[in-house]
Each structure stands twice: as structure tokens, then as C-alpha cells.
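Colleague: TrEMBL feature annotations, pasted as is:
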type: COMPBIAS; residues: 338-351; note: compositional bias 'Basic residues'
type: DOMAIN; residues: 123-325; note: domain 'TLC'
type: REGION; residues: 334-370; note: region 'Disordered'
type: TRANSMEM; residues: 89-108; note: transmembrane segment
type: TRANSMEM; residues: 129-147; note: transmembrane segment
type: TRANSMEM; residues: 167-184; note: transmembrane segment
type: TRANSMEM; residues: 205-222; note: transmembrane segment
type: TRANSMEM; residues: 228-250; note: transmembrane segment
type: TRANSMEM; residues: 262-286; note: transmembrane segment
type: TRANSMEM; residues: 298-317; note: transmembrane segment
Amino acid sequence: MAIKPGLGRKTTNKNPPILSHEFVIQNHADIISCIAMVFVVGLMNESTASFASAFISLHHNVSGEEASRELPYGKPYTYAAGIKDYCAIFFYTLTCIIMHAIIQEFVLDKISKKLHLSKFKLARFNESGQLVTFYLLSFVWGVHVALREGYLGQVAQLWDGYPTAHAMSFLHKFYFIIQLSYYLHMLPELYFQKVRAKEEQQPKIIHSISGFTLIVLAYTLSFQRLAIVLLTLHYFSELLAHIFQLIGVFDREERLARVRIVNSAVFVLVRFATSVIGVLTLHYGIGASGSSYKLRALLALVALIALQGYFVFSFITEQLRAKREAKREAKLLAAQTKKAKAPNKEKVKRKKESDLPEADQASPVKQKLK
């Protein structure tokens, strides 16, 4: 019985050997779905429920009560960071791989087949399509949590009571679990998507490791409130950038040139707002409170400002590179147009000469005498 390719891979006529690299790549979503189902099924058995819940449920709750006669609605649970969170990160990394394959198979592949894109544009389309989905979800989720917890209305909540009174709600903690899981799932995706070129692997590996490291540091050092606000701002800027990149894939250069200034303006505003909120929270908030966490806040502020400087430097470098490429393409197009017009002029001249009587047509001998 032939094994059909799973999610995330295109159908091929040849069935690869079982447990070969090609077999794992073609059926990776189905294989990982089976692994994830083992943990889900484990919740149904009393002997394995405690083990399975460590990977699926959230732990390290510091307050909250279940519904009772005295409290019909109970008290909402709040959570802190802990070692068991890495078990949940492992499980939801599997979930991110499955969702990545579903989006690729049922959305991006169907659209790309109708567009007939080149190999370069197809890779850019798939990358931006996946990131737009993630950034949009993260932005909406972050705005919802920030509004619900009152971080935007009362900015002082970002530093008041740090770190003892900075417990997280369920949605707040689950947000960070998904963030860490998504950045971690980028590494196996390099294998599943057959990314072999070093120039393609390096930026994706750096993106994955740096994103995971920065978020896990903010999460474990109790900067969750500040981190969710800054991540929401950052994801808004990245969302617009990748939407404009998708517009460029569809060859709408005129529209892209018009909206590129919007992307640049949003980028600058986000970097400025991030620096202001960081200084306000870490220097004037936590740093000025006289607590023992002043050094931690100072180091976090230095790292934040350095990161914003790196983003600005990368943005300026990318803009200058894009301008150089645009000028190079314009010169190349002008040269090709000039070459295309030259033969046309010769053809018109020959046609005019052919329309003259034979006596008036200049022979090569007469042209030499002249």
C-alpha cells in the first residue's frame, strides 16, 4: 500500500522509502501530529494524566480559586514563570510545526499555483505569508491582553510592584508560551522546507535564536508586562513590512513605492516609542524605586537601546541597498531599451531606401565615391 504525502509537501509520483529523509519531510506534519496526540490521549488516563498535563496545561499558578458555593465564579488564576513552562514550550512547538504545514498546504500553496511565481519570488511569498499570519495573530493577541490588563491606560502598571506583584493572567502567560514555541519551531522548519543554502539558513537561524533568547530573558526576569507591550509594537511594524513585501511579490512596484514611505514612518515611530517606553519603565520606574533590581533594570535598558540601534542600522543599510539596486536596474533597463531602438532605426532607414526608385537608391560604389 502506497503512503500518501502528508501536509506541507507537494505530491510526487515516486513514493520514498519509509523513514528516509524524503519520507520524513513529506509526512512531517502527520508524524508530529501523532506525537502530539500521544500527550492528548495521555490526559484521558489517570496514570499518565499528571505527566501529560505538564506538557499541555499551564503551571506555576500563584493565586486563584475554583468555583464553589462561596465563590460561584471562583477567582481567576494568575501565573509566574517556572521550569515546567519548557515542557509546554516543547508541546506547543509541535503544534506550531503542524499549523505551519496547514497554512502552507491549504493557503499559500494554492495561491502560489495560480500566480506562477519564479523560484525567488515563491520563497519570498512563502516566508512573508507565514510571518504575516504570525505577526497578525501576535499583534491582535498582544493588544487584547494589554487593553484587558490596563497596561495602555495605566502605564505605571508596567513597573509598579516589580517583580513580586507581576503575576500573569492565563492569556498573558499563554502568549509567551506561543511566542517561544514559534521561534523555536523555525529551526526544524529549515529541514522540513529543504533550506540548504547557507545564505538562506543564516538569517533564519539568527532570527530564531535571537528572538527566542530575548523573549525567554524578558519572561524569566519578570519583564513580561513591558515585553508584551514592546513586542506588540514591534510586530505591528513587522506586519506592515511583510505586507508591503507581499505587494512587491505581485509586481506592483508603483504601489509599493507609494506605500514604502508609510512603512519607513511606522518603523521610525515604533523604534522611538519603544525607546521611550523602555526608558520610562526601566530607568524612571524600576530604576528610580531604589529596589535591589536597579542593576537588572539598567542592564535591560542598555540591551534594549542597543537592540533599537541595531534595528535602525539594519533598516538604513537595507534602504541604501534597495536604492542602489533600483538605480542599477534602471540603468540596465535604459541600456536594453537603447539597444532595442537601434535596430529599429536601421530597419526604418532600409525601408525608406527600398521605397525609392532603383536609380535613386545609393549603391555601395556611389556611397564610397561620395
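Cβ coordinates are placed from backbone N, Cα and C, and glycine is handled just like the others.
TrEMBL annotations: computationally assigned, not manually curated.
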Colleague: If you average pLDDT over the domain 'TLC' (123-325), what do you get?
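Modeller: Averaged over the domain 'TLC' (123-325), the predicted model reaches a pLDDT of 91.
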Colleague: Could you tell me whether the transmembrane segment (89-108) and the transmembrane segment (228-250) are in contact, taking contact to mean 3+ Cβ pairs under 8 Å with a sequence separation of 6 or more?
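Modeller: In this chain the transmembrane segment (228-250) does not contact the transmembrane segment (89-108) - fewer than 3 Cβ pairs sit under 8 Å.
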Colleague: Which sequence-distant residues neighbour the transmembrane segment (89-108)? Criterion: at least 6 residues beyond either end, Cβ under 8 Å.
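Modeller: Result: 6-9, 28-29, 32-33, 35-36, 39, 55-56, 125-126, 129-130, 133, 177-178, 180-182, 184-185, 188-189, 192.
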